[in-house]
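Here is what TrEMBL records for this protein:
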- HIS111: active site, proton acceptor (ACT_SITE)
- CYS119, CYS122, CYS144, CYS147: Zn(2+) binding site (BINDING)
- 1-239: domain 'Deacetylase sirtuin-type' (DOMAIN)
Amino acid sequence: MVAGSRAVLGFTGAGISTECGVPDFRSPGSPWRVNSPIPFDLFMASEEARCEAWRRKFAMDDLYGHATPGRGHRALAGLVAAGRMPAIVTQNIDGLHQAAGVPADKVVELHGNGTYATCLDCGTRHELADVRWRFEASGRAPTCRSCGGVVKSATVSFGQAMPEQAMRRATRLALACDLVVAVGSSLVVHPAAEFPLLAKRNGARLVIVNAEPTPLDGVADLVINADIGTVLAPLSAVV
Ligand code: OAD
Ligand code: ZN
């Protein structure tokens with residue numbers, strides 16, 4: 001199907017990064033099941049909640065922040081390099097598509113990026129090492145060096161608005177592809193999960209590669225319930 005398609009859209013979720021040691025959200029034993037992410041309104045509500053969010057963020061980064069790309073990332077990067085995959089729309093915040101060599105402008109991050117922070121007021125980028133140093137030195141949640149605003153990891157938290165430009169790009173890409181390959185996502189979080197469906201409704205074929213069933217299996221043209229690295233690695237022979 002990849003060989004016979006003009007424009008293949010990659011759509012990825014946390015499952016593509018599990019072989020790299022980064023846990024997904026909904027598999028049994030996921031640390032996110034125990035330590036659920038702090039919602040946006042709580043983060044905004046108090047200094048105490050922001051400190052707790054930073055503590056959890058840095059603890060997770062210590063455990064999983066040094067991951068390197070896996071076979072799934074490399075296979076998709078190969079399709080991008082070969083000109084078969086115009087872009088990858090991802091729910092992941094780990095930056096591993098870029099680390100696998102996909103140009104940053106070809107990765108559409110629906111849920112932001114956890115490898116840096118931004119000011120919610122003025123948008124200034126803040127490096128995590130700097131935020132961490134200030135947090136650990138002062139015990140307070142760091143504020144923006146430019147405007148004094150609230151600084152937050154550049155991820156999209158529950159209750160926070162989706163990034164408009166990424167949403168527009170993902171829509172355009174979904175409407176322009178003739179095959180969408182949804183990899184490693186439970187496809188239950190909206191609006192992200194709507195993009196594979198939008199592509200399918202617009203005439204593209206839909207392939208799902210995931211260990212477990214998803215709500216979109218019934219409309220997919222092909223569902224492969226198997227290990228992502230194993231399934232995607234042979235794609236390098238197609239290009
Ligand atoms: P989930 O944890 O919901 O789904 C990951 C899927 O990948 C699961 O269905 C696993 O069975 C599957 N999986 C894991 N490892 C696999 C492997 N090696 N081979 C095959 N399948 C594998 O993750 P997402 O769908 O990405 O949002 O979650 C969507 C959003 O929910 C995330 O972006 C995050 C979360 O809350 C925000 O933080 C806003
Ligand atoms: Zn600012």
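Note: Cβ is positioned from N, Cα and C throughout, glycine not excepted.
Given the structure is predicted, the values throughout are model-derived calculations rather than measurements.
The structure, with features from TrEMBL marked on it.
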residue	record	contacts (Cβ under 8 Å, 6+ apart)
HIS111	active site, proton acceptor	THR90, GLN91, ASN92, ILE93, THR155, VAL156, ALA192
CYS119	Zn(2+) binding site	HIS126, CYS144, SER146, CYS147, GLY149, VAL150, VAL151
CYS122	Zn(2+) binding site	CYS144, SER146, CYS147, GLY149
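The most densely surrounded of the binding-site residues CYS144, CYS147 is CYS144 (count of other Cβ atoms within 10 A of its Cβ). Apart from the site residues CYS119, CYS122, CYS144, CYS147, the chain places the Cβ of LEU120, ASP121, GLY123, THR124, THR143, ARG145, SER146, GLY148, GLY149, VAL151 no farther than 8 Å from the centroid of the site's Cβ atoms, the recorded Zn(2+) location. Among the recorded positions HIS111, CYS144, CYS147, residues whose Cβ is positioned under 6 Å from ligand 2 are identified as CYS144, CYS147.
Screening the binding-site residues CYS119, CYS122, CYS144, CYS147 for a C-beta under 6 A from any atom of ligand 1 leaves none.
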